[in-house]
Structure formats: structure tokens, C-alpha cells
Amino acid sequence: MQNFTVHQGVVATLDRANVDTDQIIPKQFLKRIERTGFGQFLFFDWRFLEDGETENPEFELNRINVKGASILLTRQNFGSGSSREHAVWALDDYGFRAVIAPSFADIFFNNCFKNGVLPIALSEEDVEELFQRAEKGNPYQLTVDLENQVITDGQGFERSFEVDESRRHNMLHGLDDIAQTLLHEEKITAFEEARG
Amino acid sequence: MSDASSTAPSQAGATSQSTGSRTLLDKIWDQHLVHAPESGPAIIYIDLHLVHEVTSPQAFEGLRINNRPVRRPERTIATPDHNVPTSDRSLPIADPISRKQIETLRENCKEFGVQLFDIDDVRQGIVHVIGPENGYTQPGMTIVCGDSHTATHGAFGSLAFGIGTSEVEHVLATQTLLQFKPKTFELRVDGELARGVTAKDMILYLIGQIGTAGGTGYVLEFTGDAVRNLTMEERMTVCNMSIEAGARAGMIAPDQTTFDYLRGRPECPADFDAAVEAWKKLPSDPGAAYDRSNVYKGSDIRPQVTWGTNPGQVCSVDSVVPSPGDSTDVNVQKSTASALQYMDLKAGTPITEIEINRVFIGSCTNARIEDLRAAAAVIKGHHCSEKVNAMIVPGSGRVKLQAEEEGLHKIFTDAGFDWREAGCSMCLAMNPDKLAPGERCASTSNRNFEGRQGKGGRTHLVSPAMAAAAAINGHFVDIRDWDYR
Ligand code: SF4
């Protein structure tokens, strides 16, 4: 897994609540058997017009000043619905390293940490303030510091954020969960033997 | 609809053993703890791992790259369901990419020694239908699958939830999962359901009450007389949609109904009576505390229809399409307005005046034999509206066989309904079964997201009886007034 320490990048906004994983990566792209190459299909039905090729000029990610954005700012319950990890793979492959929202759906939140994409939950008020700042910035940049658990824009916005210590540790060092768990293999074997 | 949710869903609760009066969740958790560190997630043992073709190829690939075997292949079962055609199975799959995905599952199962119920096996079907019907799903188990509707299996008093593909790989490699212990949320439904009101209406109503994020960070436990009185298949319908309320898992304590359903199923324990004695100890102790409890009255629930683009946007069949102005919350106003636009509905329209042109009866929510019987009871003696294209897709090969033994398929086909092979089908429209842009569908599935059943398609979630009645009339009708023939 790619590690995450400090990341500075352009913020793209997506001003919708309850964005589900069917929207993040529509089902017609789930047939691939690889982990890579999903970025081109991210938000496909919103991003492209009927022909599936022409960018929809109304869609926020197609704005000129967010090209190359690597931080997504959005509303509550992001990533709801289907458990498809393809949603995180698509965000990652498109170039997003962090997602900021007031809340996340459970499985999506978990999947992010498995792929080195950092989900950051801030209060509704802080998210609203970031939306306003992003609206004025052209482009608007944020720095996400996982080491110190701080997020800042260098122009007066600075907030700390919470993340579980074990997840933070794994992400800082890009550690693989399976290898970590297999350190406890004796316990798994003992458990299996005890149950017969 | 409320959207209250915790900000860091998976971090709630302790990981260690509980003491004193324990809930059903506490007991299952304690029985599966392999390792509970001071901080961070626990390692819990997984009893049953269900695998399908869409969320597993990258996990098997990961095993290959790292030269890891499947630790317990006998605790793993696989079936293709999402991507399979529901038309003639003797023909090759037309879409080369779908075909590749299904072949990949076949090869992976062979290479890693995992049992596969393939397309030509009567046991093939939607994973959440075949686990229970073959008796793999049992009380007290931990069950996972790379699929959010794994919550279905919680109907047996097991802890069952969906996981991502990285976690699928983790379970394949270690037979365990890293988990923070979730909080518990009791949803109690007292009294009785009125005639014509089904388990589907109960769960849609509850989602409407707590919102699509109301259960985030929790395991739901459904209790109360109205839940106790449900059959096993109805309980599965309820638990299935826990994820639509934001909860990873939903559960119902095992009781005589559970044991009666399981007795005689092929994969049940050889010493069934001893197993029952152990299962009887699982229900929450008297006085065990839930982190949250809500109480509802069964008699308040009427047949439900979703009008919007998430399952929380739901109302009773005898009411009208809501208006953004009904709420004072700007976020709710915005999402109502955008849902009405996508659904092409006007606020104030009576639900029974909404015309439909497609019907889908199927999915892991409502494609079991009782669902098909309920649909058949409505359809018998009637005919599908000329304006409506209606399809019925059984949840598994066994369900299909049973329905045909009972002659249900004759009732369907005589009435102009399309009777198909088992699979997920138009629940997610990954195979050729899909809505065209602008088509409007009464569906017994679980998600009404934009484009879920086909780009530009519009989905209204309902019970099987309500879907059948809508097919006959070409618009929604209140099933409580139905003319059963
Ligand atoms: S029937 Fe639908 S919800 Fe159920 S497993 Fe299949 S695609 Fe998922």
C-alpha cells in the first residue's frame, strides 16, 4: 500500500450529500478483473454527457480550476451503498489522495484505509467553511499532515482531525494488513484448535 | 428523514470481551475474538466466507502475488451471481468481459480449492439466497462477503456484514478480519402488521424513520412481536436492507422459527439438537443494554413506495410525493429537489397516480419462494398491463425449481410476466437486464440510486405484492384493497 505522510494539493468540491458508490463508479465498469485503470470511469454518469465521451460542463470536477485536484471536499454520508472497493480504486487512480466530508459510510471509510486514501471527517461547520473558501480560491489548496493530524490552507484555516492510531500508523508506513495479521498466526491456529 | 451519523463510523466501541448482561452481538463477538489489542482493531475469526465474481478477482490476484494460499477453503463458498445472464443458460455469455470475469472465478476456485456453485448447478444463485437455503448460514456465526447485503444472514442471529476486496483477500489469507466492535442499535417493532403490510414495508418504513445514515457505526438488532412473528424469509428481507440504513449488519435473535427453518438443510450440523441447545443461549440477556433503542408500532406501518433516489426517500402508498419545502433542513431540501428532478415527479402527486412501464420482482431482498408465492397470489386471475414489461427472476436455482413444482411459473407466464433464470439481474443491471433511459420501474430490490437499474432509469422500491399489482394496473395501487381471485 502507498504510504501517506504529508500531502499538499488542489481541492475539488462535490456539493452533494449521500453520494453513493454506484455514482462514484457505475456498475458497467465493475467487470474488470484488475485493480487499476478505474480513474477514467470515476463519476462516469455525472462527468460525461449522453455520448459517454464529451465532458459535462456542469459537473464540478470538470471545472478548469480543479484540474489535477487531489483532495475531494464533499457532504455527509459519502460513499454509501455498495461495498465495491472499486470506488476507492477509482478515486485513487484519478489522483485523489484525501476526501474530506462531515461523515462517511462505514464500508467505504474502511476501504479507503486499505488503499492509502485518507478519509477525513470534519464538523459540518468546518466543511461549510472549506466550501466557501474553495469557492473563492482559484485554485484552492490544502495541506493534509497525517503525522501531526492537521489540515491547513496557509491562509488562516487550520484544524486538527482524528484518526485511529493503528490506522494512522499503517498509513504512515504503508503497511499491509495481511502481513500484520499473520504476525499473530499462532493465535489463529490456537483459536482453531480450541474449537476443534 | 434525518441524516444524523457519527463522523468516524468504524472507530466506535471497545474491542475487548464484555462482562455482565450481554447482547446477541456481545456473545458472538466474544466467541470469535482471536486477539484483542490494547488499542486498534481486534482480530476476529470468520466462520463462513461467501465469494462472488465481481469483488473477488483482485483478492485472488493478491494471494497469487504474495504466494499465499486460502487458509480454510472449506469455510469458503463461491457462486457467480451479479454478472450472469438470466436467459438461456446453454448459450455462451455474449458479453466477453462478463464471460472473462466468470471464467476467472472458475479458475480461481479451482486453483485455490474453493467450492464453486457454477452456472449449471441447481445450487447457483444470489449468494445471500444460497447460503441460508443450503444451511450454510447458522446462528452465532460470523459471516462475510464482498457484498454489502451480507447483512441478510443476520436474520439467523449471526453477525454478517459486507467487506471490501482488500478485506476479502485478508479473510482468504487468514480466515480472520480486523474489526472495531460496532455499537448496537435496537429497533423494536411492537404489535402486529396489518393485512397486506409485509417485511419489505417494515424495513422501508424503518429506513424512512432513521435515515440512510441513521445506522452508521451500529449493528441493528430487530426485536419486538412484529419481528418475532415474521417467517425466516421475511426476517431475511428485513436484515438485508440494514445497509440501506447505513448499518453494516442487522440481526434477529434465533428462536424456534429459526431452528425449524434450518432442520434438515444439507449443510447443518450433524448433531442438530446439540447445535440448537447452543443456539438457544445466543439471544440477548434480560437487561442487556443497547447503545441506542427506538420503538415503533407495527400498526403504524402501511405499504411503502420510494419516490426518490435513496431508500430513505420513501412514503406510504396512500400519500403524495413530498415537496422540498416540507423540510426546514437545506440539505434535505436540496436532495429532495434533485431526486424529484431525476425521478421526473411533481410534488403533491398521489403515489397511486404514478404510472410505471417496467416491473422487476427479484434480488436478494425479495426473490425467495415466499416472495414468489406472494406475487403469484396477486397475479392469479389477472393479466399484466399492456404498457408494462414485467420480469420475475428467482433468487436461486432451487427457488426456481420449487416455484415450478408449485406451478407458480405458469401463473406468471399466463399473465404475461417474463420468467427467468436465477441471478442478480436488474437489481444492479450488470447483465443485459436493464432499464432504458426514462423508463420507470416498480422493483422489489433494495436500491433506487440514480442509474442503478440502467442509466437514466427510475426505480421505485416496493414489496413483491405491490410490484405485482402495479404490473397489472400500470400504476401503483394500495395492495390492502386488492381483488384476490
Ligand atoms: S441481488 Fe442486488 S443487492 Fe443483492 S447481491 Fe445481487 S446485486 Fe447485490
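Every residue gets a Cβ built from N, Cα and C, even glycine.
According to TrEMBL, the region 'Disordered' annotation covers B:1-20, B:73-92. Residues or ranges marked as [4Fe-4S] cluster binding site in TrEMBL: B:Cys364, B:Cys424, B:Cys427.
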Residues of the same chain, at least six outside the region 'Disordered' (B:73-92), with any C-beta under 8 angstroms of its C-beta?
46-54, 56, 98-99, 101-102, 105, 108-109, 112-120, 123-127, 130-131, 136, 172, 175, 393, 420-425, 428, 430-433
Neighbourhood of the [4Fe-4S] cluster site (B:Cys364, B:Cys424, B:Cys427): other residues with Cβ within 8 Å of the Cβ centroid, in order?
B:Asp81, B:His82, B:Ile126, B:His128, B:His149, B:Gly362, B:Ser363, B:Thr365, B:Ala367, B:Gly395, B:Gly423, B:Ser425, B:Leu428, B:Ser445, B:Asn446
Cβ-Cβ distance under 8 Å to B:Cys427 ([4Fe-4S] cluster binding site), same chain, at least six residues away:
B:Phe360, B:Gly362, B:Ser363, B:Cys364, B:Ser443, B:Ser445, B:Asn446, B:Arg447, B:Gln453
Taking the Cβ of B:Cys424 ([4Fe-4S] cluster binding site) as centre, how many other Cβ atoms lie within 10 Å?
32
Three-state secondary structure of B:Cys427 ([4Fe-4S] cluster binding site) from DSSP?
helix
What does DSSP assign B:Cys364 ([4Fe-4S] cluster binding site), in three states?
coil
Near B:Cys364 ([4Fe-4S] cluster binding site), how many other Cβ atoms are within 10 Å of its Cβ?
28
With helix taken as DSSP H, G or I, strand as E or B and everything else coil, how many residues of the region 'Disordered' (B:73-92) land in each class?
3 helix, 3 strand, 14 coil
